[in-house]
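Pulled from Swiss-Prot:
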{"type": "DISULFID", "residues": "Cys26-Cys38", "note": "disulfide bond"}
{"type": "DISULFID", "residues": "Cys32-Cys50", "note": "disulfide bond"}
{"type": "DISULFID", "residues": "Cys37-Cys78", "note": "disulfide bond"}
{"type": "DISULFID", "residues": "Cys60-Cys86", "note": "disulfide bond"}
{"type": "DISULFID", "residues": "Cys80-Cys95", "note": "disulfide bond"}
{"type": "SIGNAL", "residues": "1-19", "note": "signal peptide"}
Amino acid sequence: MKCFAQIVVLLLVIAFSHGAVITGVCDRDAQCGSGTCCAASAFSRNIRFCVPLGNNGEECHPASHKVPYNGKRLSSLCPCNTGLTCPKSGEKFQCS
């Protein structure tokens, strides 16, 4: 029951946060549709969701660039969309 309550809270937080799009629960990129990756939850690396690839100006992880990735992603951020890179911009990395 505790796990269920945590998942419900997690989904509510993500649903009401700016720009969050969740397309489904997954384990690996191959389970997600085109233009998405299977990213770890920011709250628990044991929970993963299909999340859209990063667009221009969105935060990214510099080491997360392969799609599909055959393993389990540890980052809560997907790589940037095709044609974009993930350079450092100020204090964080952003797709550009």
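Placed from the backbone N, Cα and C atoms, the Cβ positions cover glycine too.
Locations of recorded Swiss-Prot features on the structure.
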{"residue": "Cys26", "record": "disulfide bond", "DSSP (3 states)": "coil"}
{"residue": "Cys32", "record": "disulfide bond", "DSSP (3 states)": "coil"}
{"residue": "Cys37", "record": "disulfide bond", "DSSP (3 states)": "strand"}
{"residue": "Cys50", "record": "disulfide bond", "DSSP (3 states)": "strand"}
{"residue": "Cys60", "record": "disulfide bond", "DSSP (3 states)": "coil"}
{"residue": "Cys78", "record": "disulfide bond", "DSSP (3 states)": "coil"}
{"residue": "Cys86", "record": "disulfide bond", "DSSP (3 states)": "coil"}
{"residue": "Cys95", "record": "disulfide bond", "DSSP (3 states)": "coil"}
Neighbours of Cys86 (disulfide bond) among the disulfide-bonded residues Cys26, Cys32, Cys37, Cys80, Cys95 (Cα to Cα, within 10 Å):
Cys80, Cys95
Given the disulfide-bonded residues Cys32, Cys37, Cys50, Cys78, Cys80, Cys95, tell me which ones have a C-alpha lying within 10 Å of the C-alpha of Cys26 (disulfide bond).
Cys32, Cys37, Cys50
Taking Cα atoms as reference points, rank the disulfide-bonded residues Cys32, Cys37, Cys50, Cys60, Cys78 by distance from Cys95 (disulfide bond) and give the first.
Cys60
Do you know offhand how many angstrom separate Cys78 (disulfide bond) and Cys38 (disulfide bond) by C-alpha?
8
Do you know offhand how many angstrom separate Cys60 (disulfide bond) and Cys38 (disulfide bond) by C-alpha?
14
Which has the fewest other CB atoms in a 10 Å radius around its CB: Cys26, Cys38, the listed disulfide-bonded residues?
Cys26
Restricting to the chain of Cys37 (disulfide bond) and a gap of 6 or more, list residues whose Cβ falls under 8 Å of its Cβ, or answer none.
Asp29, Cys50, Val51, Leu53, Ser64, Val67, Pro68, Tyr69, Arg73, Cys78, Pro79
For the C-alpha pair, I'd like the distance in angstrom between Cys38 (disulfide bond) and Cys80 (disulfide bond), rounded off.
13
Which of Cys50, Cys60, Cys80 has the fewest nearby Cβ atoms, counting only those within 10 Å, among these disulfide-bonded residues?
Cys50
To the nearest Å, how far is the Cα of Cys80 (disulfide bond) from the Cα of Cys32 (disulfide bond)?
16
